[in-house]
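Per Swiss-Prot, the features are as follows:
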BINDING   12-18, 40-42, Arg304, 330-332, 412-414  GTP binding site
ACT_SITE  Asp13  active site, proton acceptor
BINDING   Asp13, Glu14, Gly15, Lys16, Asn38, Ala39, Gly40, His41, Thr128, Arg142, Gln223, Thr238, Arg302  IMP binding site
BINDING   Asp13, Gly40  Mg(2+) binding site
ACT_SITE  His41  active site, proton donor
BINDING   Val298, Asn299, Thr300, Gly301, Arg302, Pro303, Arg304  substrate binding site
Amino acid sequence: MPAIVIVGAQWGDEGKGKATDLLGGRVDYVVKPNGGNNAGHTVVVGGEKYELKLLPAGILSPNAVPIIGNGCVVNLEALFQEIDGLQARGADTSKLRVSANAHLVAPYHQVLDKVTERFLGKRAIGTTGRGIGPAYMDKVARLGIRVQDVFDESILRQKVEGSLHQKNEVLVKIYNRRSVVVDEIVEYFLSFAERLRPLVIDSTLVLNTALDEGKVVLMEGGQATFLDVDHGTYPFVTSSNPTAGGASVGSGIGPTRISRSIGIIKAYTTRVGAGPFPTELFDEMGVYLQKTGGEFGVNTGRPRRCGWYDAVLARHASRVNGFTDYFVTKLDVLTGIEQIPVCVAYDVDGVRHDEMPMTQTEFHHAKPIFEYFDGWTEDITGARTLADLPENARNYVLALEKLSGTRFSAIGVGPDRDQTIVVNDLIND
């Protein structure tokens, strides 16, 4: 059975957790292929809200095996805190597994993340301060510590010493901080070994064997397309590749085994942190979307920047990820707005751009060119088919589908799992 990948099509917080949760009851494995506890997502099940950070949303699907993939960076302390929090609420976390090849976030990564952001001042990226970027830097620099290293104290010590040799110089001489003691870091990691050991697997082997046996594997991408270190609005991006190609690398599932690439996209647009955002609203409408949509970060509580739907971004995201389907979320948030603008192109220094500008400078100068659609006042949270939607809401959805260039197979009309219009089956269609 081929694999399915879910990818955020904007700047994150699109509702990937809801999409994963909706499909979770029909899949056998849910793997998180990238990111760490910097990418929070909210899942509502039976009126209960769960805010997940490091764990895949599939942890709440009783039939699925949730896996933290090799492309992730894992803060072990945060991992077990999140597990304990779910268990305290009666959730079953016993099926959770972690790739032996996933990298670890060390306490010094978090220190470096925070002091670097402060040092940069106005040039700061706006990270969550959780050490994700520094952990990925170590991975690429071949100084990283992996999950499997926790079970070999000799290897662990060698790697910690190698990593701290340079970092202590930076902390002491540049940031005026105290040096980090090797023994403290080694003991920190070893303290998790006993509890971690039964969770660790060869995830590449497990997932590909599952596919060989006809099982359904869902890859749940973190962050989003325009936070991708290669395809995003660089340098205001994350440190990994949260696109469909990155899901393949971060799970060990080859690209030819992926049958569906599903983009998750809001009916409007949000962004957290610094970086360009052509359709951003700076008036009371932006505040309205923020409050009505509950647009506050799961991890940081920071208010999200809000703006109108951007079809240029949607087309580019579809191209980069090879989307077969879009899952649109939060259509209900737009209820009550008299006229809804949609960005269909950009004006860059007097020149119309129907597609994403090539350069960073051009994108910073991009101004949205809008088309306007009549809104609706009717409550749509009970709609379960397109025909149930008011005419104006239906027209809005169909217009977005045409402008975005990829079929809309599901539409979220509320936060709960069942508040979804399914147009096309996302697994078998």
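Backbone N, Cα and C define each Cβ position, glycine as well.
Each of the binding-site residues Gly12, Gly15, Gly40, Gly301, Pro303 was scored by how many other Cβ atoms lie within 10 Å of its Cβ, and the smallest score goes to Gly301. For Arg304 (substrate binding site), the nearest neighbour among the binding-site residues Gly12, Gly40, Thr42, Gln223, judged by Cα separation, is Gly12. Considering only the residues assigned to IMP binding, Asp13, Glu14, Gly15, Lys16, Asn38, Ala39, Gly40, His41, Thr128, Arg142, Gln223, Thr238, Arg302, the longest pairwise Cα distance works out to 34 Å.
A Cα-Cα distance of 12 Å separates Pro303 (substrate binding site) from Asp13 (active site, proton acceptor). Shown are the binding-site residues Asn38, Thr42, Thr128; the one with the most C-beta atoms within 10 angstroms of its own C-beta is Asn38.
When the recorded positions Asn38, Gly40, His41 are screened for a Cα within 10 A of the Cα of Lys18 (GTP binding site), the ones that qualify are His41. Residue density at Lys18 (GTP binding site): 27 other Cβ atoms are found within 10 A of its Cβ, drawing on all protein chains shown. Listed in sequence order, Ala267, Ile380, Ala393, Tyr396, Val397, Ile411, Gly412, Val413 are the same-chain residues six or more apart from Leu331 (GTP binding site) with CB atoms under 8 A from its CB. In this structure the alpha carbons, written CA, of Thr128 (IMP binding site) and the residue listed as 'active site, proton acceptor' are 14 Å apart.
Taking Thr42 (GTP binding site) as the reference point, the recorded positions whose C-alpha atoms are within 10 Å of its C-alpha, out of Asp13, Gln223, Arg302, are Asp13. Each residue contributes its Cα atom, and for Gly301 (substrate binding site) and Gly40 (IMP binding site) these two points are 10 Å apart. For the residue listed as 'active site, proton acceptor' paired with Arg302 (IMP binding site), the C-alpha to C-alpha distance reads 12 Å. Gly12 (GTP binding site) and Arg302 (IMP binding site) are 13 Å apart (CA-CA, integer value).
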